[in-house]
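Asks: From TrEMBL, for reference:
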- A:C89: active site, nucleophile (ACT_SITE)
- A:H195: active site (ACT_SITE)
- A:E197: active site (ACT_SITE)
Amino acid sequence: MKFGIVVFPGSNCDRDMQDSLQNDLNQEVVMLWHKDKDLSMFSTEDCIVLPGGFSYGDYLRCGAIARFSPMMESVIAFANKGGKVLGVCNGFQILCESHLLPGALLRNANQKFICKNVYLTGVGGSGLKIPIAHGEGRYFADEKTLDALEANGQVIYRYCDENGNITAEANPNGAIRNIAGISNKEGNVFGMMPHPERATSAILGNTDGRAILNSLLINAAVTI
Amino acid sequence: MTYTVQVKVMPLKDLLDPQGKAVMGGLSNLGLQGVADVRIGKNISMQIDAATADEAKAIAEEAAKKLLANPVMEQYEISVN
């Protein structure tokens with residue numbers, strides 16, 4: 001498989017994602033510009049990544065303007081065909097604004113931009129240490145949507161403590177039901193607030209992100 | 001003719017508004033009494049060319065629905081002048 005990483009004006013984790021996938025995980029990566037729309041070099045076995053950052057300055061709402069960029073039109077069509085799409089941080093916000101994933105990301109409950117390591121449980125393991133860096137990461141959806149997400153196994157990551165216990169204290173931003181990441185019903189679109197690409201290099205002291213990118217995408221035997 | 005259309009976007013009532021909460025803390029530090037709640041939204045002003053006020057409102061309605069407000073977290077009101 002190969003990866004395409006979309007660069008929006010204001011993306012700032014695109015090169016981190018490229019470095020992680022290419023150099024740490026040995027994957028083929030193509031960088032994509034938001035003003036282009038050609039995804040013909042990708043098959044549905046490939047994955048388009050929407051990286052973190054502040055696309056379009058976070059104007060109006062995080063991810064709201066990016067949704068209408070030419071490349072996003074193609075990404076939405078690609079996802080609807082069954083192609084894999086991963087959104088990290090601002091990418092997750094864009095996926096929610098694009099209606100490829102349900103719900104929305106609200107301003108953190110504690111009024112702070114939070115930049116630190118947290119622990120996750122979900123696809124790839126439990127107690128995975130992964131960095132977060134966001135001001136608007138409080139996942140929210142109505143009760144009916146949340147029940148459907150859980151019933152379909154679409155909650156792919158929750159905030160937990162070091163030992164994998166899902167507790168209120170381990171929830172950094174007030175996300176409803178400790179949700180850190182979800183997938184769509186079909187299991188080909190994934191969104192998460194934490195940054196696995198910042199935790200794949202041994203030289204940086206944390207490789208827990210490898211388990212996430214490997215089990216979610218690279219070595220995913222079956223869709224979720 | 002050109003109509004001035006305002007779209008007022010507010011966070012849904014049931015949702016915590018941390019920005020409003022922070023401003024309320026500031027107001028209380030100022031020594032102001034009696035402020036029981038603060039919520040912060042946006043006011044979006046547009047100049048819309050349309051034949052009638054209803055047509056201008058319909059255009060604003062579409063803008064609000066598709067981009068200006070997110071119904072998962074916000075509600076909106078439109079007024080035409």
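The backbone N, Cα and C atoms fix where each Cβ goes, glycine too.
So where do these features actually land, and what's packed around them?
Replies: Listed in sequence order, A:C13, A:P51, A:G52, A:G53, A:I132, A:A133, A:H134, A:G137, A:M192, A:M193, A:P194, A:H195 are the same-chain residues at least 6 apart in sequence whose CB falls under 8 Å from the CB of A:C89 (active site, nucleophile).
Secondary structure at A:H195 (active site), as computed by DSSP, is coil.
The Cβ of A:E197 (active site) has A:C13, A:D16, A:M17, A:D19, A:S20, A:L21, A:P51, A:V88, A:G209, A:L213 as same-chain neighbours under 8 Å, each 6 or more residues away in sequence.
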Asks: A:H195 (active site) has how many other Cβ neighbours within 10 Å of its own Cβ?
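Replies: There are 23 such Cβ atoms around A:H195 (active site).
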